[in-house]
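Under the heading transmembrane segment, TrEMBL lists 61-79, 91-113, 180-201, 208-233, 333-352, 364-386, 491-514, 539-562.
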Amino acid sequence: MEASAMEEALSKKTTSKGGLRTIPFIISNEVFEKVATFGLHANMILYLTQRYHMTAATGTVVLYFWNALSNFLPIFGAVLSDSCLGRFRVIALGSVVSLAGMCLLWLTAILPADRRTPECEARRDDCQLVPWQLPLLFASFVLMSVGSGGIRPCALAFGADQLDRPDNSARNVRTLQTFFNWYYTVLGLSIVLASTVIVYIQQAKGWVIGFAVPVVLMLTALTLLLLGSPFYLKAEADRSVLVGLVQVLVASYRKRRGPLPPETADASRFHNRAGYKPRTPSNRLRWLNRACALGDNPDKEVNPDDGSARDPWTLCTVQQVEDVKAAVRVLPIWSTGFMPGVIIGQQMFPVLQAKTMERRVGGLEIPAASFGVFSILTLTVWVAVYDRALVRPLSRLTGHARGVTLRQRMGIGLALFAVAMAVAARTEAARRAEALAEGLRDYGPQSGRAVRMSAMRLVPQHCITGLAEALNLIGQIEFYYSEFPKTMSSIGVSLLALGMGFGSVAGSAIVGAINAGTRSGGGRDSWLSSNLNRGHYDYYYLVLAALCVANLAYFVWCGWAYGEEGQNRVTAEEEAVEDTKTKEEQQQKL
């Protein structure tokens, strides 16, 4: 059997820490955490509408904001990891906090939610919530978001650190791609488990037992992570990286009125670290080059003893400037990730759709929240097939180690998001028409009356969405990890979550605007009515499809403007090699 690129690379790894043996501990932690987290997310819209009497639109907005918070906080976890505590400590702390949040959520299911009044006993819709229930619920959401803010940006980068080599060879690129792909394959299978088994337990055994299972799984995840501690390769945090980014911006601003170095200037006109190969900054974002440009009298700017800048807030190194350029240049492409966040964040609506459709297949009734499993299955199957069957022939055809470029994968994924929303609109239009034909206009998801249409009609939109995620989201992760300096890997990886967070905020704004704008006087229902049969969710999906098409056009322009991939890491690794050589020479002299 042919060995994979990862196996070939690992067979030559000689360090006493890191390597393949650490991956089971890291992935096990991530698998159990994802099973616990997604097991809670999948059915949460039903928990909010049934136990807390929220409307579909209100519950969706709450979950959008929860998703947004969970996606915004990883950037802070990444900064904390890369500049202060290191990835392992941040993952461990995040796991502890996330476990506390799940325990609180479990407590909301144990404690009574409604006041015991005669009105409540007579009619469920007239029940009033116990005052402390909502604060307890929202506190659990916040704690779980804080926990995920520590786990999400660091887990993937921490795993890659165990396998990465200090070069940019085709073999190293292939090794990392294999790791990323199989990492998401395993996570995909764990989410499938969450969307089926955990959801089934919640539906069959109730919320108390259904929320207790994720607590046990999260505790297991934390235990496995700590057991592997002696074997991990733990990169030290480097506070100077983030400080250096700020210094470049400050120095560029201070010298904004000074002359811009010409494009033909040689390395002697710029500040490089002493003992390193002198080089010139790139001509992209040239206005930042002022930060590393030397003046007419370099002796006043540089210490003669060690070659360092006398004032690092006025003069920076070329590598610092290139690190900032790497971050700034990625931002336009990163902003195209907002729309996938909108699409993925609105998966609560398909749960409500499935609730109104025939979900029995043979003798088994599929839970409404489990249809999202088809999205994850598609993602998992595609990643496995792409890595094992398609990459090698594609790489021979294109000459690219990854088969196709990361931006090509991301662009195809964005196009598929638009297709998925168009298919969703068509399916919902057919479902609504059938419901009206059967006289079910006044029967919503809570009525228990289902239209005589199989919920399997929702499978195509889920499958296309899953394929879009496999291409775009994994492409984004690998793109950020590859383009950012190695010391900023956690920050780079966290950009995906941050973009998804902005997408969640945008999604909640879209839902709020459509819900308010399509509701008029006279008791007319909005497009996003809690009773799907009286609304027009098909129109909502068409709006999302149009926004996806516009986002794809914007991405094409951003990709053209970005230029060649992989150059940022090459220059950073060249300096790392020079650093190693310099240290070896100094040791030999001693």
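Any Cβ shown, glycine's included, is placed from N, Cα and C.
All TrEMBL annotations are machine predictions without curation.
Long-range Cβ contacts of the transmembrane segment (208-233) within its own chain (Cβ-Cβ under 8 Å, at least 6 residues beyond either end) map to 15, 17-19, 21-22, 24-26, 28-33, 35-37, 39-40, 43, 88, 91-92, 95-96, 98-99, 102-103, 105-106, 109-110, 158, 161-162, 198, 201-202. Of the two recorded stretches, the transmembrane segment (333-352) does not lie close to the transmembrane segment (180-201), with fewer than three CB pairs under 8 Å once pairs fewer than 6 apart in sequence are set aside. Per-stretch counts of Cβ pairs under 8 Å to the transmembrane segment (180-201) identify 364-386 as the leading one among 61-79, 91-113, 364-386.
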